[in-house]
Amino acid sequence: MDIKLVVGLGNPGKEYEKTRHNVGFMVIDELVKALRAKGPFEEALSHVYKARIGGKEVILAKPMTYMNNSGAAVYNLLEEYKLSPEQMIVVYDDLDLPLGHMRLRLKGSSGGHRGVESIIKYIGTQNFPRLRIGIGRPKKKEDVVKYVLSPFSPEEEKVISQVIKKAVRCLMRAIEISPEHAMEYCNRQDLI
């Protein structure tokens, strides 16, 4: 099934812009630049951008509902554009993947990610592709909430900027061809 919607998860507001939890927004921002997308338009509780890739129209979205209520925006986006969950890829941060790693999956559980839990609750299925971007776990017994809501260190920023570039290439393959085709490329760790 063709991908027609890419949703990056994050929190709106300047104070969250460069935080680990906003890596989904960062990927959308890079994809917007790469595709010279038009927008943002305010639709379906989101900032929406419209682009074409390989002759296909694609919607890029950043929910403005805050992470833990992302499902409301995703539900509205699917309704607004009359899409099935399988026609969407959700991009988000993952504590359980080391920094510098990413994983494209066609379906699965939330893995404890509250934004993804919200999406599953609102749309009633786990059957949608997702691109998980590794942010790693805190080195010390730091509070996880504090960790995900803090910015990357300068060393981490160098790594994450490369991962975001790879994520854009990965998503472009998934849109142009298919998520199944893109999985081998996206899940290789030697390309960043």
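Glycine residues also receive a Cβ, built from the backbone N, Cα and C atoms like all the rest.
Small disclaimer: the values here were computed from a predicted structure and weren't measured.
Its Cβ taken as reference, His21 (active site, proton acceptor) is surrounded by 23 other Cβ atoms within 10 Å in the chains shown. The feature active site, proton acceptor is assigned by Swiss-Prot to His21, with sequence analysis given as support.
Look at Swiss-Prot and you will find Tyr16, Tyr66, Asn68 tagged as tRNA binding site. The secondary structure of Asn68 (tRNA binding site), as reduced to three states from DSSP, is helical. In the structure as shown, the Cβ atom of Asn68 (tRNA binding site) sits within 10 Å of 12 other Cβ atoms.
Here Swiss-Prot flags Asn11 as site 'Discriminates between blocked and unblocked aminoacyl-tRNA', drawing on sequence analysis. Annotation note: Asn11 (site 'Discriminates between blocked and unblocked aminoacyl-tRNA') sits in a coil segment as assigned by DSSP.
Using a 10 Å radius centred on the Cβ of Asp93 (site 'Stabilizes the basic form of H active site to accept a proton') and all shown protein chains, the other Cβ atoms total 26. DSSP assigns Asp93 (site 'Stabilizes the basic form of H active site to accept a proton') to a strand. Feature annotation from Swiss-Prot assigns site 'Stabilizes the basic form of H active site to accept a proton' to Asp93.
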May I ask which of the recorded positions Asn11, His21, Asp93 is closest to Asn68 (tRNA binding site) if we compare their C-alpha atoms?
Asn11
What is the total of other Cβ atoms whose distance to the Cβ of Tyr66 (tRNA binding site) is within 10 Å?
18
Chain-internal residues near Tyr16 (tRNA binding site), provided their CB is under 8 angstroms and they sit 6+ positions away:
Gly10, Asn22, Leu149
Sequence gap of 6 or more, C-beta under 8 Å: which same-chain residues meet both conditions with respect to Asn11 (site 'Discriminates between blocked and unblocked aminoacyl-tRNA')?
Thr19, His21, Asn22, Tyr66, Met67, Leu149
Looking at tRNA and its recorded binding residues Tyr16, Tyr66, Asn68, figure out the farthest C-alpha pair and report it in angstrom, whole number.
14
